[in-house]
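Here's the structure, in structure tokens; my notes come after.
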């Protein structure tokens, strides 16, 4: 695109320094969408930082003119913190409300509270005066659907009716969820267009609910992550009925953003992110959705310290987590790739309904897959006390035991424990298989809770095995020094917690943030070392089979937001509009002329479109034949010619450029660390071409001995 004749520029030094003047000054009444981004476009951080610096400089200079301008400057300085405060309040409130709603919807599949239908099973029995300690999960006010409809709670007929209604409720919830996605996030259900392969602006990101959408990698805020996770907690039909982020994690959320989500994370964002997460935590604490005056759902309180010899099974759990992460990533990516390249991808709603039906049918017979995943993890994490009624705590007690309630020694496993073990083994296989197929569907389907469930099940099984070995073979050398007869040596719940961390680390490749998140989820400060050992081991094992975590793999599968290459020469408004209409490029380099190709700057497609549209509406004489100039002063034209259109204000005079001799390794680092959308290549000021994120991604694939053309940009 030609710059037109070069004229003497009257731009201020500030404008020259930042590459472009303020577009708002160019338009008398700026169009509402100016300076925004299309859906699924990454933010050009260098451009935005330049604009923000220019805006702050103008506000600071105006603040010296009057007291009112000073007040406005102070309000502007505090505006970011006010927004973070509001985000934190909204996120915490939304998290608490959704926690309560999820519990109710979970129990609604099995029954209803007669005294107040909006109560969950637990809340219903809390309010009952007829609830006994032995049958604290049973109360007259809570009835299962078969008992309510037929009057019979037991028998084959009642079981089949409850089974049918369980599946029916699951299908209804999944249909409601996918309908909400269709209405509020239609891009999630957009079918793949053959043009997308060459269309740099048609992008379908792998929404990874339960964490942060990769499209929001530039958000860098745990409050944003919290909002995404909360939205994902609405209902997750393919698995047991939720896959929610269990609590607000102020420190873990910030570290997660820093380690896993963000490629651009300035210090100001760090402080504001922590402030927003802190406000969200206070808000959730005030709502108290868990009813225990705590911020965490999986609070644990173990009464036995861990021993050095236990690091061996902890590390083995880390190995299992790494292998599980590798299996899950490869299988899930293969399934998602098949979904994209076959007819299956054309029927996303049908896929959701089908997977939900299969999941519900297989989940109901097993009590550990029938219940919500968060309840399952909570039970697996818990230590067996004297008041526990779970099958996992069905140990053979010594009737002569006179120990404190919180200091129960290791005991032989009873029939309930062995029955629970084979049910947990079936649940483990079920969770592994179903998670592979559900993650990546066109509906919010989380990753944190299902991965933790897989690890918690495996960890609890290993913990019970070690506990029984220590009890029956306490004279072995490995147990002799730290596990005496009658002592409380092994805590199976701790193994479940370590296994959950190992599997989550194997899938996401998190380390530091994972340990902090697990600590905040459980409150188990004393057990950070086992968590660290498992997390590091799982990462090492998983990295041996592939460096990419699940997020990087999905980003590679779906492609980055892709800017375009240089456009062709244009001089009139009609030519520019035709160029915009016939291409999908994100922006266009501006050169002096076709002959010289000396680079002048870069103009964004969106700014160009809005500037022309606004000029046609508000400037008399601008027509299709008007000449477009990217200089401040247009040359004198004959009176018969239409009024020219000057677009100097939308031109970025300092686009990021490299020479054709710049090493590609340096270019890759520039894209990673600066968050560029594109980089212009020049030689002695002459434009040679553009490097986009697509080019960088293909280069990285080639360096890993992969076929660059095999990368599926969607």
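Here the Cβ of each residue, glycine as well, is placed from N, Cα and C on the backbone.
In TrEMBL, the feature transmembrane segment is placed on 349-368, out of the ranges 229-248, 249-268, 349-368, 369-388. Listed ranges 193-211, 269-287, 288-306, 535-553; the one TrEMBL annotates as transmembrane segment is 269-287.
Of the given residue ranges 140-162, 163-185, 393-415, TrEMBL assigns the label transmembrane segment to 163-185. Residues in the domain 'CBS' (651-709) partition by DSSP class (helix H, G, I; strand E, B; coil) as 24 helix, 18 strand, 17 coil. It is 494-519 that, among the stretches 78-98, 163-185, 349-368, 420-440, 494-519, forms the most Cβ pairs under 8 Å with the transmembrane segment (307-329).
Counted over residue pairs 6 or more apart, the CB atoms of the transmembrane segment (163-185) and the transmembrane segment (349-368) come under 8 Å in at least three pairs, which marks the two as touching. Along the domain 'CBS' (651-709), the predicted structure has mean pLDDT 82. Where the transmembrane segment (78-98) meets the stretches 269-287, 349-368, 420-440, the count of C-beta pairs under 8 angstroms peaks at 269-287.
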